[in-house]
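Undergrad: Sharing a structure below in structure tokens format, with a few things to ask.
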């Protein structure tokens, strides 16, 4: 099959180009620009790479950044105090807390501490509630937004489509299920306790995989007309990463597929920055 590999980087670059123009307009009109605060706890190598990429892309479109790098040994209450400082800083448009956090920190308390109006990641319970209630307000998790944008690019009319999401995380599975329901898909969420997974995924028009298990889903899990969205990022050797789908053996057996890297990762960052711009616009009532 020719040209069935989805170039997430190219799609993300289109979004970034639009954001750059929009931010240039802000600067001319208001003499201000968005600013994203990134809270990084500890020195997890993978987290540091993700943060570096977010900062790089932010600067490319004209978003200022503030990196708040804190000790692994910080207490939950002290981290909340730091987040409250950022909440009160009128120069900060959006705030994200890089996950995962050390096990000693209460993640739910931290995500709830971020002001909902500055919640660029869309993880605050209020924003989660808006999404699942179908209220067009607040912020939606970036990876879920990125997945939906890719799906709609290749299947503009989702009415009645069968979508299967493998993985039930708060970052991908649950929010994406809400978004696809709003697009009138019939949505099935599968997880580690699902029996006969391939019998479910092989009937789907759209399969999104986000389980954190390298090369887990092979060709028999999909039908030839499927759009396959691979959200997994797994390090399988010192210098190689792979998704949750056996890409090399699946790519010729499906209609469209996202690669890893170069698929959903760039789209996630693009929508993080898009959320930050949205927060900035809301704050100054543009």
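Here the Cβ of each residue, glycine as well, is placed from N, Cα and C on the backbone.
According to Swiss-Prot, the feature NADP(+) binding site maps to 167, 168, 169, 192, 233.
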Undergrad: List nothing but the largest Cα to Cα distance in Å, as a whole number, among the residues 167, 168, 169, 192, 233 that the record says bind NADP(+).
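TA: Taking every pair among 167, 168, 169, 192, 233, the longest Cα gap is 18 Å.
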Undergrad: Tally every other Cβ atom lying within 10 Å of the Cβ atom of residue 167 (NADP(+) binding site).
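TA: Here the count is 22.
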Undergrad: Under DSSP, is residue 233 (NADP(+) binding site) helix, strand or coil?
TA: coil
